[in-house]
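A.B. asks: Pulled from TrEMBL, these are the listed features:
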type     : residues                                                            : note
ACT_SITE : ASP34                                                               : active site, proton acceptor
ACT_SITE : ASP174                                                              : active site, proton donor
BINDING  : SER8, HIS65, GLY141, PHE142, GLY143, GLY144, ASP174, GLY175, GLY176 : substrate binding site
BINDING  : HIS32, ASP34, HIS65, ASP174                                         : divalent metal cation binding site
Amino acid sequence: MAAKIFPSILSADFARLAEEVALISDDADWVHVDVMDNHFVPNLTLGLPVVESLVKHSALPLDCHLMIEDPDRWAPAYAEVGAGSVTIHAEAAKAPIRTLRAIRAAGARAGLGINPATPLEPYEELLGEIDMLLLMTVEPGFGGQKFLDLVLPKVRRARQLIKSRDLAVWLQVDGGVSAETIERCAEAGADVFVAGNAVYGADDPAEAVRLLRAKAEAAGA
Ligand SMILES: O=C(CO)[C@@H](O)[C@H](O)COP(=O)(O)O
Ligand SMILES: [Fe+2]
């Protein structure tokens with residue numbers, strides 16, 4: 001298991017996205033793109049046309065986190081325009097198995113996202129349908145929120161399940177991940193770390209990525 005650091009451009013300058021991505025391209029693994037529709041979450045960010053453009057300007061693959069009301073309708077299109085990974089939310093998807101299969105069929109990794117108050121158990125049988133499980137460590141919608149430690153037992157359970165079933169599913173944490181909290185996430189079993197504020201709020205985003213990776217790996221990721 002090697003730690004993977006996914007800076008979130010939610011905390012970057014939206015008018016300079018390609019340059020902001022280039023800042024971290026030598027050090028990060030993927031770029032996390034938060035798609036919000038102002039319905040599933042009370043915030044509005046960007047959508048398909050921006051992702052389609054950014055794919056062409058990014059040296060790293062894009063991890064699209066869809067915080068939208070109708071992922072069944074939209075998710076495959078993100079894969080079709082070149083996203084490397086597309087995550088839908090369990091709380092929003094009406095036909096998650098069909099949608100996850102459609103994402104994979106369009107050539108992307110398929111992710112399932114779960115909010116802090118949503119239990120893992122109803123979705124355990126979907127683990128065989130996904131390439132990544134996203135456990136939100138804040139309520140989705142905004143960057144810069146405080147990390148919710150109450151999610152850590154769920155991270156531990158998810159890691160045990162993935163291990164006991166011998167699955168190659170990546171376990172992602174997203175929200176409030178920083179130099180102060182990343183070790184707890186890694187100890188609990190996460191191996192993919194999204195960080196917005198901790199990277200783009202830093203004076204040197206590339207150095208912030210290196211620090212996060214060092215801390216995660218020292219804690220066992
Ligand atoms: O999906 C989300 C927020 O809903 C995240 O990806 C945030 O962008 C993480 O930002 P920080 O909490 O790391 O600042
Ligand atoms: Fe996100």
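Glycine residues also receive a Cβ, built from the backbone N, Cα and C atoms like all the rest.
I'd like these features described in context: how deep, what's nearby, how far apart.
C.D. replies: The 10 Å shell around the Cβ of ASP34 (active site, proton acceptor) contains 24 further Cβ atoms across the protein chains shown.
Reduced to three states, the DSSP call for ASP174 (active site, proton donor) is strand.
Less than 8 angstroms from the CB of GLY143 (substrate binding site) sit SER8, LEU10, SER11, ASP34, GLY196, ASN197, each of them six or more residues away in the same chain.
Long-range Cβ proximity for HIS32 (divalent metal cation binding site), meaning a same-chain Cβ under 8 A and a gap of 6 or more residues, is found for PHE6, PRO7, SER8, ILE9, LEU10, ASP63, HIS65, ASP174, VAL194, GLY196.
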A.B. asks: Within 10 Å of its Cβ, which one of these binding-site residues (GLY141, GLY176) has the largest number of other Cβ atoms?
C.D. replies: GLY176
A.B. asks: Residues near the divalent metal cation site, HIS32, ASP34, HIS65, ASP174 excluded, by Cβ within 8 Å of the Cβ center?
C.D. replies: PHE6, SER8, LEU10, VAL33, ASP63, THR87, LEU134, VAL194, GLY196
A.B. asks: Do you know which of the recorded positions ASP34, HIS65, GLY141, GLY143, ASP174, GLY176 end up with C-beta under 6 Å from ligand 2?
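C.D. replies: Checking each Cβ against ligand 2, the ones under 6 Å are ASP34, HIS65, ASP174.
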